[in-house]
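Colleague: Taken from TrEMBL, the feature active site, proton acceptor covers His178. Feature annotation from TrEMBL assigns Co(2+) binding site to His178, Glu208, His240. As annotated by TrEMBL, signal peptide applies to 1-25.
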Amino acid sequence: MFKASHVCGLLLFFFLLALHGPVLAGHKDRPPKKGILLVAFGTTVPEARGALDHIGEKARLRFPGIEIRWAYSSRIVREKLAAQGQDFDSPAMALARMMDDGFTHVAVQSLHTIPGEEFHGLQRTVQAFSGLPKGMESVVLGLPLLAEPADVEACASAIMASLPAERKTGEAVVLLGHGTHHPANIYYSGLQYSLNRHDPLVLVGTVEGTPSLDDVRQVLKDRKISRVYLAPFMAVAGDHALNDMAGDEEDSWKSVLGADGLTCIPVLRGTAQVPAFVDIWLNHLQAALERLP
């Protein structure tokens, strides 16, 4: 079922299409123009945007000569930023602008972690723009970080390669994912299964899904861990990392685990800052570009 925000976004798109109909009517006669649209959930934390800048720069280096644009999929994030005087397009608005600017072939790359609600909302938007008689010739969607079995193993390897250098034997690392009630939440458990084969003291937990914080606490207790590194398993170290994970409130992961007697060391680095994770996203973008006619 469509969420209200997705319905509103698509209605806005079709309104824009009607408004610009005369301009768009000649798109089939325009010369080919390829573009990339990077779509992140978004962040309201200024310091966290460097992670997105990093992946944008890596994309420019890997795909020179192709214009890159941005969109944020989270309506709440866009509204908060707009209240601060910062405007970020929704995916539908960004694609409408690209269509109006003469782009004929666009690869939309999801920078989400799993193929959950945000990704499927983006998928519906891309489908709405595909095959329009007065629109772009081809719009394709690149998969999120975890989308195929090979991605799970690649992410596990990326995690192992980017663990804190100062970590000692017997110390745990807990990765905080967003989590969701969407069936795609299963990817977190799949990642944990893969990590168990590398290092059983590298644990995955989620804010809104499973494994939960209580699941993580039980494992740490059973294994008699006394020191743990906390790191976000999200593209950016934004609000969830700063507050839910590393905040001073009594319900933050740092506080809860601290009350359990553990020493907690937050590592505020998003996956979009780590080259091995960025490579997975850009490999998906490469595959999407190769699907463009």
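Heads up, the Cβ atoms here are built off N, Cα and C, so glycines get one too.
Where the annotation comes from TrEMBL, it is an automatic prediction and has not been curated.
These figures come from a predicted structure and were not determined experimentally.
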Colleague: Taking only the Cα atoms, work out how far Glu208 (Co(2+) binding site) lies from His178 (active site, proton acceptor), in Å, as a whole number.
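Modeller: The separation of the Cα atoms works out to 6 Å.
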Colleague: Reported as an integer number of Å, what is the Cα distance between His240 (Co(2+) binding site) and the residue listed as 'active site, proton acceptor'?
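Modeller: His240 (Co(2+) binding site) and the residue listed as 'active site, proton acceptor' have their Cα atoms 8 Å apart.
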Colleague: DSSP three-state call for His178 (active site, proton acceptor): helix, strand or coil?
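Modeller: DSSP assigns His178 (active site, proton acceptor) to coil.
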Colleague: Once the DSSP letters are reduced so that anything not helix or strand counts as coil, what is Glu208 (Co(2+) binding site)?
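Modeller: SS state of Glu208 (Co(2+) binding site) = coil.
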Colleague: Which residues, in sequence order, are found in the same chain with Cβ within 8 Å of the centroid defined by the Cβ atoms of His178, Glu208, His240 at the Co(2+) site, excluding those residues themselves?
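Modeller: Close Cβ neighbours, site residues excluded: Leu176, Gly177, Gly179, Thr180, Thr206, Val207, Gly209, Met234, Asp244.
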Colleague: So how many other Cβ atoms are close to the residue listed as 'active site, proton acceptor', meaning within 10 Å of its Cβ?
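Modeller: So the Cβ neighbour count for the residue listed as 'active site, proton acceptor' comes to 22.
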